[in-house]
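Asks: Let me begin by handing over the structure; questions about it come next.
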């Protein structure tokens with residue numbers, strides 16, 4: 001039997017099945033609601049489904065005594081019948097339980113019953129850099145430094161403990177509520193037993209595979225440096241360096257070292273990427289060299305980032321005075337995809353922050369074309385008419401939206417539409433197509449002109465011209481606070497901070513049966529009047545969240561709805577959504593209120 005530090009993983013063959021044949025999905029037992037560690041007698045309540053990957057399903061689990069919340073990775077033993085499967089799981093647990101570092105996912109124990117192995121891990125509520133990448137594409141340079149520095153510190157710790165991760169990628173770099181990076185998923189990790197050992201085998205296919213692994217020449221710590229190079233490239237450029245639509249072609253490019261860094265990338269960043277992506281492993285920098293590179297030593301690294309960065313770029317205060325003027329350019333915030341540069345208004349006090357427009361990467365229609373295509377595909381297969389519907393298989397909690405509208409009030413006959421986002425910030429889209437947002441601290445303000453230029457101020461200091469709008473904003477805020485029930489807002493977002501920027505309401509309209517709201521980060525929300533159900537569509541995650549009559553919140557990948565089907569109620573709302581997105585698309589960009597009667 002495989003052992004983990006003196007403890008056996010006991011896996012018995014299923015009744016009526018010879019050893020080594022995993023059970024079919026229908027024979028997999030139900031995961032219990034209360035998980036009991038037989039050794040410590042600790043009891044955990046299984047809560048929200050967090051996602052699945054490989055053999056495992058992940059749930060939020062709560063220690064019933066301490067009320068601490070963890071992530072529970074649950075693996076059916078029917079998936080661990082073959083010796084290599086068992087050994088892989090044993091190695092993963094043995095490595096992870098030996099680690100303890102701020103930037104490595106915390107290990108809090110493991111146990112088993114007759115049907116499952118349970119691994120108790122630190123909960124990272126903000127998912128991973130993969131979801132951030134899907135929503136944001138390229139991030140700002142200070143953000144890239146922030147995420148990379150923490151990844152490097154975590155990897156430095158691994159290497160000092162003779163552990164090679166071997167699968168560093170965006171999806172394995174998790175984020176907690178404080179937006180701190182935690183390296184996770186040690187399924188492909190290995191321990192170096194002696195100096196100079198070169199590993200020859202690697203089960204599975206890492207995302208950012210190094211050329212020496214492809215060449216089966218033997219590999220060591222340098223594979224993690226290669227992966228960090230790929231991660232850095234992806235964060236700054238918005239796509240991986242060797243990515244093609246064909247795996248064979250991608251591997252060919254890796255072997256030939258065929259990639260190019262776009263000209264707009266900072267030369268210091270380009271130089272560091274090129275060092276990490278050298279074909280010869282011994283020519284790459286070591287993990288200890290990386291943070292001494294000038295990309296990190298001469299560039300601004302924020303001490304923390306707001307959770308708003310998960311979906312919109314932050315705003316950066318002008319960098320500390322010790323930093324060279326030429327390095328200040330990438331530090332200002334951005335509102336990508338708009339026609340006009342973001343400039344500081346002369347009429348606004350000097351406290352406001354200077355804004356700058358980077359290269360636009362977002363489409364002018366804020367991803368409505370992509371959303372229309374996604375809805376057309378899902379509706380074409382008639383997902384509610386499948387012989388067998390397994391809607392729960394289409395669930396993807398990692399795609400939960402960061403922001404949605406939790407309250408709204410229509411005063412457009414006089415002033416505009418007031419709304420509250422799920423983080424308790426409040427905005428008004430005025431009839432003159434300007435927007436004003438008050439952050440959840442009740443003090444910070446974001447003002448967006450008709451041409452989409454942004455200004456930042458606060459309720460204590462603002463130009464006289466905004467007095468009426470700020471008074472109206474406060475009126476809307478008080479009205480919604482006193483009279484309206486909050487929609488689906490049981491997910492508690494973290495306090496914003498001085499770098500936060502919020503998405504704003506771009507366009508809206510009402511029909512006889514619903515209100516349609518389009519946010520500047522691409523999200524489209526439809527609230528149905530009759531039954532108070534809601535759908536929230538995200539084109540970047542290609543996902544839909546459905547808040548049903550019971551106010552239960554579920555998020556599904558549209559491609560998985562195509563595959564597994566969905567209930568009639570959701571299918572009819574997706575059909576309606578397609579018509580509404582067409583209407584949004586046909587309206588003029590920047591028009592605050594679209595006339596609609598459907």
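Cβ atoms are placed via backbone N, Cα and C, with glycine included.
Here's the feature list from Swiss-Prot:
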REGION    1-26  region 'Disordered'
DOMAIN    44-296  domain 'Protein kinase'
ACT_SITE  167  active site, proton acceptor
REGION    336-360  region 'Disordered'
DOMAIN    404-482  domain 'POLO box 1'
REGION    487-501  region 'Linker'
DOMAIN    504-586  domain 'POLO box 2'
Asks: Would you mind pulling the DSSP three-state label for residue 167 (active site, proton acceptor)?
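Replies: Coil, per DSSP.
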Asks: Pull the DSSP breakdown for the domain 'POLO box 2' (504-586) and write it out as helix, strand, coil residue counts.
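Replies: DSSP composition of the domain 'POLO box 2' (504-586): 26 helix, 32 strand, 25 coil.
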Asks: Can you tell me how many other Cβ atoms are located within 10 Å of the Cβ belonging to residue 167 (active site, proton acceptor)?
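Replies: Summing over all protein chains shown, residue 167 (active site, proton acceptor) has 23 other Cβ atoms within 10 Å.
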Asks: Run through the domain 'POLO box 1' (404-482) and tell me, per DSSP, how many residues are helix, strand and coil.
Replies: 19 helix, 33 strand, 27 coil
Asks: Averaging the per-residue pLDDT over the domain 'POLO box 2' (504-586), what integer do you get?
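Replies: The predicted confidence over the domain 'POLO box 2' (504-586), as a mean pLDDT, is 96.
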